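> Input: one structure, supplied below.
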Amino acid sequence: MATFSSYDYAVLAVTLISSSLIGVVYGFLEKKHKTTRNYLLADRSMKVIPVAFSVTASYISAISLMGTPSEIYQFGSIILYAMLALVLATPTIAYGILPVFMNMGATSIYEYLELRFGVLLRVTVSLIFTFQQILFMAIAMYAPALALETVTGINRFLAISVIGLVCTFYSTIGGIKAVIATDILQGILMVFPLLGAFIYATIETERANQVQVQRFSTVEGLRQSQKCVWWNLLFMTVLQGLIFLGSIAIFWYYHNCDPLLEGRITSRDQLLPLFIMDTMSHIPGLPGLMMSAIFCGALSSVSSVINSMSAIVLEDYLKPLNKVCCKVELTARLTLLTTKAISLTLGIIFTASAFLGDCLGGLLEAALTTSGVVAGPILGVFLLGMLTMNANHIGTLFGLVIGLCFASFMAFAQPKATLPILELSTESCINFEPQEYFVESEEEYFWFYNVSFMWYSVIGFLATFICGYFLSWILYWCRLQSNEKLYIENKNFNAMLLSPVFVETLVFFGWRKYEGSDEDLYY
């Protein structure tokens, strides 16, 4: 198997140094970093297209770059149906959800939950999200490092250290502007291995795949944020298309000599780096450029989470605790220094968590599933607040617990059935003796365990929304809980806490909204 040359290491080093230099530029040369608002939201001065491209780059992690080709290689292109969900979600986010957060003008989206329900639900959801992000960042750094070590010989602990050091440095020094700027560079580099895989296969055959809301808040006004959402859809479509084409090329190259059956790799998530080394190692520096894309996928995801989590820790934990316990005057400079210290601490925590990857064992797979388990119920909580009048604090809190329990049971209950994969063989392999493999029958498993992981979020969302709504209704009619936070002045509802689509529906049917808030609304 080919290994990295000195040229490859040099190209990879240039990529990492470039990301660090961007942090230096925004941290030391720009003199406007005097407020936390500028550090976390760039004073809402960013342009639409850079922000949209940054959101896309941070969404496509190293796990996506290596995992999606593996998914398509084994199970076909059915995963591309997920793009349909993105198309449907785009107008929902742009016109139904984003206006509520823009009206608030808050740094942490969980401030909405305190305004709509209460502080207990805000802290609960925020803690759940924080725990999930720590787990996910550990796997986001560990998995690509392990794959690169297996295929290229780069020590995984060295790779984790480099990823953690670089992204922590430029995220802490440069703030959100540095994160967005490096995301653009890294997003461009992420295109190379996918495009290269497709071009190579075409030549060979002779024929021609919190973080977002805060990013959308860095532009000025609601309309600009909505444009970011639509541009993000375009960029995501293009990048997912490249991932699909690259995955088809990888399938064509390996389907008659599967590297896993041959024993060259330990997981099919390593197919992309293996393909790069097998097809491009004869060109000095090219494998380094291609592998830098995988590093960039990890860097963009981790740096984005560091920045967004800094906002959450500051607004949801430190400021409330300071008001209750310390009561220290938080000047603009002290708040900024505190935020940078939080960013540094989070970077260390994420890196340390990734170092524990060898000890986590099965929890690594659990960390990937946790994202789907948590995202659905949290969305259910927000939509209960934005799309219903009856949802109250306790009912929604119990709905969240039920949704999390239901989704977790589906995700982690055992045993899981072995999914059928596309036909792969070793007939074209040289000097290889095929082995027999035993695959258990699906009839031995209860159908409940055969549900795809893509449905965990949907099921968690539905369980949270339905249970939360009816529990709130029962508590209200039993006079055990009210939703007084939604109403102000003579029982007129506060339109700032509801989705604009829902507000217009209520007004059409005769409900009265609080007129005093109109001048501050974007809708």
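Yeah, the Cβs are placed from backbone N, Cα and C, and that goes for glycine too.
Note that the structure is predicted; figures quoted are calculated from it, not measured.
Pulled the feature table from TrEMBL, pasting it below:
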- 7-28: transmembrane segment (TRANSMEM)
- 48-66: transmembrane segment (TRANSMEM)
- 78-101: transmembrane segment (TRANSMEM)
- 121-145: transmembrane segment (TRANSMEM)
- 157-178: transmembrane segment (TRANSMEM)
- 233-254: transmembrane segment (TRANSMEM)
- 289-314: transmembrane segment (TRANSMEM)
- 334-356: transmembrane segment (TRANSMEM)
- 368-387: transmembrane segment (TRANSMEM)
- 394-413: transmembrane segment (TRANSMEM)
- 453-480: transmembrane segment (TRANSMEM)
> How about the transmembrane segment (368-387) and the transmembrane segment (453-480): at least 3 CB pairs under 8 Å, pairs 6 or more apart in sequence, or not?
yes
> Within the same chain, where does the transmembrane segment (48-66) have neighbours whose Cβ lies under 8 angstroms from its own Cβ atoms, ignoring anything closer than 6 residues to its ends? I mean 6 or more beyond.
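Cβ under 8 Å, 6 or more out: 139-140, 143-144, 147, 179-181, 183-184, 186-187, 190, 193-194, 209, 211-212, 215-216, 218-219, 224, 227-232, 234-236, 239, 243, 269-273, 293-298, 300-301, 303-304, 368.
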> Okay, the transmembrane segment (233-254) and the transmembrane segment (78-101): do they have at least three CB pairs under 8 Å, pairs separated by 6 or more?
yes
> Applying the under-8 angstroms CB criterion, which one of 233-254, 334-356, 394-413 scores highest with the transmembrane segment (453-480)?
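Looking at each of 233-254, 334-356, 394-413 in turn, the most contacts to the transmembrane segment (453-480) are made by 394-413.
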> Do any residues, 6 or more residues outside the transmembrane segment (334-356), come within under 8 Å Cβ-to-Cβ of it, and if so which ones?
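Non-local partners: 33-36, 39-40, 134-135, 137-139, 141-142, 145, 157, 160-161, 163-165, 167-168, 171-173, 302, 305-307, 309-311, 313-314, 318, 328.
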> Under 8 Å between C-beta atoms and at least six residues away from its ends: which parts of the chain pack against the transmembrane segment (157-178)?
16, 19-20, 22-28, 30, 33, 38-42, 46, 141-142, 144-145, 148-149, 214-215, 218, 295, 298-299, 302-303, 306-307, 340, 343-344, 346-348, 350-351, 354-355, 357
